[in-house]
């Protein structure tokens, strides 16, 4: 039963690692699709995308199709993008680690010391911290932030109502939490974090059991050696007595 429980935990850790990586990749693809919508609704040759690496925003400048004199500029957090990438990578590494641990557990080549078992525990804990840190950062951004969008007629900024009308016409929302793919990435990896912690604990206690079992086996071997030595001495004593009696 203990073996089946371990395999079950490793499988769930692997499965939610795959799920977390998948929703991360999906979020990045959906984000790119949303940018494509903006590009498709801008006059060809006028849209410029600038990725300001190392800063906290992306800048997009496009001309309104209905009125070429109106320009829209949008600012979107690269922190959200970076957090999503780091989170997806962490979940992918968790899936790989859990899969390798699973295969090692069912393999005929069992560990001969506690070090591989303890190493698996430490790696799962490290990935749990990785996922937790990136997930908290992403969730804070997803819940509290939105893209900043401004419209300009020449150099004059137009009211927010014009921006909202254009957003409604495109069917897009600047609020991150309004998008389902953001919600999936903000929620599902928590299960990957949970099972990473649980598997880490299970492997840690398994390494402790490994030492106790090895100690028990060593004690049993020592006891057997002592018994054999005692039996040998007893047999030698009996033979010496028999020799004296025969003499």
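Placed from the backbone N, Cα and C atoms, the Cβ positions cover glycine too.
Among the residue ranges 84-105, 150-171, 216-237, the one that TrEMBL annotates as transmembrane segment is 84-105. Sequence-remote contacts of a segment are chain residues at least 6 beyond its ends whose Cβ falls under 8 Å from one of its Cβ atoms, and for the signal peptide (1-20) they are 87-88, 90-96, 98-99, 101-102, 105-106, 124, 131, 185, 188-189, 191-192, 194-196, 198-199, 202, 206.
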